[in-house]
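Chemist: I have a structure here, written as structure tokens, and I will follow up with some questions on it.
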Amino acid sequence: MMRRDRLVLAATLTAIFTADLYFILLPKLRSVGQGSGHFCQCGPNNLTLPRHGGLATPQLSNWTSGQLDGTTPEPADGGSKLGRLFAHPLYNIQPPVLGPEERLLQAEQLMEYYRRKVSRWERHMKLYSEAAAMSNISVTEHEVTFDPDASWLKFHLGISRFALYSRDDPAIPQLVKDMQSMAVVSADYTQDEKALKGACDCTQVVKPSGHHLKLALKMQNFAKAMFKPMRQQRDEETPEDFFYFVDFQRHNAEIAAFHLDRILDFRRVPPVAGRLVNVTGEVLQVTHNEDLRAVFFTSPANNTCFFAKCLYVCKTEYAVCGGPDLLEGSLSAYLPSLSIAPRISIPNPWIRSYTFTGREEWEVNPFYCDNIKQLYPYNSGNRLLNIIDMSIFDFLTSNMDRHHYEIFTKFGDEGFLLHLDNARGFGKHSQDEMSILAPLSQCCMIKRSTLLRLQLLARPEFRLSDVMRESLEGGPLQPVLSEPHLLALDRRLQKVLRAVHRCVRRLGEDEVITKDFVKSTARPQTATEMKRVR
């Protein structure tokens, strides 16, 4: 009897071990073997794009140089990693032909609108000059010319349903160059600063956006840019005791964010240039706002300084000063006026708690994304995927202050998200705030195009820090980012890829990676024609 019981026990244990091996251990070994080609956590050298199959073989008819096989046409400038990156097939996928409904603005509409604005400006300047002369106020006058071929107008006309500008739009580098050097003819407070009317509630933990020190500058060709002055040295990190909602706004973070957005091929950040601004000649002497004039003073060191009106009332921050007149800053190109290109601001589903002690639901509920997926507009279309793109962008820059996002109303639910106000990025190079990646880690979704470009930027020949360093060279402000901030980009990129890897291991590629490339077509189709086919 005991011998029979032993045989039964041995047979049972053998069956259990066999089932465990077949159903549990072997599938795990297969998943490790399949996943390692795409998401090995060993290092950047192993995060490669395979030549066939898997994640790196999207079926496209619009490749400029065949399938993604690791070969790239030689860049025009020979040894440029950035040139080699932009020559890669992933950066040369042609979008559908743009019809009127895919363009934000039409040329006739835009030209007529700005001709009326120029006429009003000229009448205003004439009246102001007469009043200034009667009051013995000296005003520096500049001739304003409206050029229909100006780079800022071409930028506005190039905005489409898919991005703020096309990959090869020559107007963008020209606009950056213009903002770096063109004469400033007018300076004023921004609209949100004016809305405060000098009032500032010092009991508020988070003060409204108008309390930040920024100005609207108008150029000689009627271009308009937002000026954010330098507040922090390159080698300084955000103090440990600072909350994210009271952190400095950094001008170099705005500049770097534009370049990173372009390298990631999102193209959702308006062009930004660095510039040395003469705060006496290019702000004080050209402003027509007496309130702005009133906040200028000369420091004991004989430097020209100014402060934001609200801050003067609250005494919460100090003025900024030139040396004695020149002051570093970022100039961000304005988007088209809301009167001709309306935008709406929408709270970020992963908004943070802007209090000292509170926490939002997503911070305590790991299944928060399951609820978001049931809500409009995140239950269909690309909106949630675009939120995840934005979270990856913010994680790379270490920007924790993404409380809202904006979209153009013309494009509706399928429009892209604008990545505006990036000045609180690049504050800490020694710390990676993983909570910024919550949309990715909780939803476990990512666009195939985004993933492929992230993988590409993890390769040694396209290393993200190297192409960023090269992209930031050549401007009047150097360096834009310190070396530790550049190296932090590589480290954070690896963490993004590992987060995707964990999702794929848990759910499988089909559930995690969403195909978003243009399908093969006999000829390029407009978005309208594509809708009709559906």
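Note that Cβ sites are derived from N, Cα and C of the backbone, with glycine treated the same way.
TrEMBL labels come from automatic prediction, so no person has curated them.
Small disclaimer: the values here were computed from a predicted structure and weren't measured.
From TrEMBL, for reference:
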ACT_SITE  D401  active site
BINDING   K228, S332, A333, Y334, L335, E406, D421  ATP binding site
BINDING   D421  Mn(2+) binding site
DOMAIN    296-513  domain 'FAM20 C-terminal'
Chemist: Tell me, roughly as an integer, the mean pLDDT over the domain 'FAM20 C-terminal' (296-513).
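Modeler: Mean pLDDT, the domain 'FAM20 C-terminal' (296-513): 91.
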Chemist: So for S332 (ATP binding site), how many other CB atoms are inside 10 Å of its CB?
Modeler: 26
Chemist: Specify the nearest of the binding-site residues K228, A333, Y334 to D401 (active site), where nearness means the distance between Cα atoms.
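Modeler: Checked the binding-site residues K228, A333, Y334; minimum Cα distance to D401 (active site) goes to K228.
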Chemist: What is the maximum Cα to Cα distance, in Å and rounded to a whole number, among the residues K228, S332, A333, Y334, L335, E406, D421 annotated as binding ATP?
Modeler: 20
